[in-house]
Amino acid sequence: MERSPGEGPSPSPTDQPSAPSDPTGQPPAAHAKPDPGSGGQPAGPGAAGEALAVLTSFGKRLLVLIPVYLAGAVGLSVGFVLFGLALYLGWRRVRDEKERSLRAARQLLDDEEQLTAKTLYMSHRELPAWVSFPDVEKAEWLNKIVAQVWPFLGQYMEKLLAETVAPAVRGSNPHLQTFTFTRVELGEKPLRIIGVKVHPGQRKEQILLDLNISYVGDVQIDVEVKKYFCKAGVKGMQLHGVLRVILEPLIGDLPIVGAVSMFFIRRPTLDINWTGMTNLLDIPGLSSLSDTMIMDSIAAFLVLPNRLLVPLVPDLQDVAQLRSPLPRGIIRIHLLAARGLTSKDKYVKGLIEGKSDPYALVRLGTQTFCSRVIDEELNPQWGETYEVMVHEVPGQEIEVEVFDKDPDKDDFLGRMKLDVGKVLQAGVLDDWFPLQGGQGQVHLRLEWLSLLSDAEKLEQVLQWNQGVSSRPEPPSAAILVVYLDRAQDLPLKKGNKEPNPMVQLSIQDVTQESKAVYSTNCPVWEEAFRFFLQDPQSQELDVQVKDDSRALTLGALTLPLARLLTAPELILDQWFQLSSSGPNSRLYMKLVMRILYLDSSEICFPTVPGCPGAWDVDSENPQRGSSVDAPPRPCHTTPDSQFGTEHVLRIHVLEAQDLIAKDRFLGGLVKGKSDPYVKLKLAGRSFRSHVVREDLNPRWNEVFEVIVTSVPGQELEVEVFDKDLDKDDFLGRCKVSLTTVLNSGFLDEWLTLEDVPSGRLHLRLERLTPRPTAAELEEVLQVNSLIQTQKSAELAAALLSIYMERAEDLPLRKGTKHPSPYATLTVGDTSHKTKTVSQTSAPVWDESASFLIRKPHTENLELQVRGEGTGVLGSLSLPLSELLVADQLCLDRWFTLNSGQGQVLLRAQLGILVSQHSGVEAHSHSYSHSSSSLSEEPELSGGPPHVTSSAPELRQRLTHVDSSLEAPAGPLGQVKLTVWYYSEERKLVSIVHGCRALRQNGRDPPDPYVSLLLLPDKNRGTKRKTSQKKRTLSPEFNERFEWELPLDEAQRRKLDVSVKSNPSFMSRERELLGKVQLDLAETDLSQGVARWYDLMDDKDKGSS
């Protein structure tokens, strides 16, 4: 049977191949059978698609050639074709960059953690510039709420645009009568809040929140003007920035918050992906212009000083002031100079390197200033001054960018940023700041001007400003804030038409305009305007109310600002009658003036004679205040409020009980004890006691001291270990809150050891607060000698606080190069090194250090200023005895370095550590003769000892005894002793303080020492002696000796004290200068009082 040519072969059922398994999991029905009419050849699934793709590609290339053909047809040159090609390539590049940035941002939000780890090594072009890791609290709970609400917010936006915005656009212009929104979708990517940071408000009635917001959305909004077949839209958007939300005022009624203010502290980052006709906005040049215009529109109502206010309660007072509050202060920025800038100009195709033509842009929020251009200079001197209003601290930043001026495009030379909070804290900040993104430094002097609400210091400010060299504008003495509220009964236009009033406010040559309010003669503006005033006594505010055409004047007002100077708190809040207007036309305004005052308490002005660093002033033209040409040098330091607020914590590690036995002998068959010691950690310091051998109830009786601050959350960590040859065994730990000790001042407790079955530790903690008076120093030294333990370091009697602010006129390296100086402060064996300030002979350190002082009369502060790699630039030795005679024990001034070149400004402040719970009384209570006030229980009965008297009583006894010590000494002189019984260690303690008026037998003074013997024993076990002093009749020893014996046995002994001298190097004989014998049974061992004892003669010469 013949087949027609159109028929294909008919395969038999056995010849038909089985359907292959679909790897994609599609059902068998998806595989279509061949069409009988297809000639027997099954069409491939992508055949039609491939053909369509080829045709589309061919069509695109043909469309590209059409403009070329048309250009040739109309006789245009090839330059037009090349220009169009360049325009297209630029547009394509901008589009690709936007799409790549949008994809990277979306992918980052989809898998934030994993992608961040991968993109750490990406180039800066691939990783979005806004990606940061702010030190804020996460707010995932808030993001979940936003994600849930996002679809409903999209529905609201669709209704808002279709029902409100679209009719308004159609009514605004006859050509837009067919304007409509064809598509409104917010997409599936909601706004994300990266973190929230809460700041303490300036007032108690406000709460400040910073929201780090990031929106990388797939929003799609399309519009169409059907009459002109015009389509446009947005497909994708990025918005990143810090939105500050202020809840203010807080009220006593629901909803608790009266209003919410929102604004961006700095301009946010915005990137829009256009579609349709708005694709033209991605053309290079138009792209940056359109982005700038959009950002300017956003900044006009949502970037400082503008803010969005949402009242939450009706009839809220001072809405205008909430919408535009007074500035926190004014910063006067002196842009002085720059140095070491990069050379950007090239000549002869780059073969010859030129210099740069630098200028600077200074920004704070929306306030921007541009300096003049300095031609061909890498170390320009500008000497310009700008004044900016600061609205939010912290948050706002001063930004300075330096550019090289070129005919085509200016080259970037570097930038610096500084938080205004540092200027507020310093008051005056004068420094060289390094430029980031380039090289070199810029010299700024920043002055924080406070706002005063009275005119008392206006004359002083005006006098200061006369000496300020300021350009391009003279310095301001005050600011004026005008709150323009509303007007009433303005005159109508011709034909009794309602006017469209707006207001022009002018002070000298500065004019600002309000918005226009349409079709009303009773407009409400609620706007604020700010002016700088050079001389409020002579300036005037000129107000013109006009129609929006500016041709018709509806009213005028001229107000001398001198009226404000006599008003309460420099405020006028009232109606003002308009002239050249209707009979009842008036304007309601609130005017607030504030005087700009630079706190001069820390600044030396030339009117102060003899101040180091004051200017040389011409008597005919005295300069007052701060000057760019001759900036004042401070006479005193300006430390922060935390300087000098440290305390000293004295830690007595007394004893422990019931510790765990860790030692084992004979392979663990024999159980031993432990060799315990204590480790303490606090404020970054660690201490360790001595080891007590084989004792489960050890006594350490050691004292440690550490400098602490009142920062909350600190803890004293105590751990007990058993000392072993290999690894020390853990015996327990405990913690004590430092805040508890600082608040109570004293803590004496048995603390249970944690993480072990048994054991407890006895600690005594005492807070010592420095006092700026030397009257109690001798008593403090006396008390310290009484409570000093043999195995502890000498106790501190004072705390020295040093604030190193700055240095000036340091010597240069090799005569021409600036050093990189740092300072080292040393007292005894403790040192502190400041930071290194790069390449300057006038470094500013602003650092503080504290030292424990044991002997203020004899110790010195050693200061060395060194250069990194250059050695010593200068040194200073300050005896602390000078502080003891200074007012408030403080020296705050410039000190000249010993090198003769250079000075340092520092503050040295001494505080005497007076103990309120000395511990001497606690030691002595168990054996006082006044039994009526004492506890009968032994000291180790399980609780802390009962303190029966206080340190002031001890000091009173010491003062009383010292007052009677001026009796004349006997013929052989006197020896000063303190004898008492230390009950906690069960020891008899004697302190040999010194001798006076000793006998001189020969031509030369003796070399005295003191020998002590505890009778009736005369063996070496009870014998003690001091060191020997050379050639003196009044030696000072201050040495402590101990004998371990019970109290009842000590009261049966006699203490034999002999003062001897070694007259000859070769002789073993010792000359007895005098002796005294104390019957301890007749001595009050509970008092611990230092006394002078007359030395007696003894015919028998003793030998060592």
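Counting begins at 1 with the first residue displayed.
Each Cβ is built from the backbone N, Cα and C atoms, and glycine gets one as well.
Residues or ranges marked as domain 'C2 2' in Swiss-Prot (evidence: sequence analysis): 460-580.
Sequence annotations record features per position, and here Swiss-Prot assigns domain 'C2 3' to 627-751.
According to Swiss-Prot, the N-acetylmethionine annotation covers Met1.
The annotation region 'Disordered' is assigned in Swiss-Prot to 1-47 (among others).
Residues or ranges marked as region 'Disordered' by Swiss-Prot: 617-641 (among others).
Summarising the annotation, Swiss-Prot assigns region 'Disordered' to 813-833 (among others). Note: the region 'Disordered' (813-833) comprises 0 helix, 13 strand, 8 coil (DSSP; helix = H, G, I, strand = E, B).
What Swiss-Prot records for 924-950 (among others) is region 'Disordered'.
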Per the Cβ under 8 Å criterion, with at least 6 residues separating them from its ends, the region 'Disordered' (813-833) contacts 800, 802, 804, 807, 839-841, 843, 845, 849, 851-854, 859-870, 873, 904
Secondary structure split (DSSP) over the domain 'C2 3' (627-751) reads 7 helix, 59 strand, 59 coil
Across the domain 'C2 2' (460-580), DSSP labelling yields 14 helix, 59 strand, 48 coil
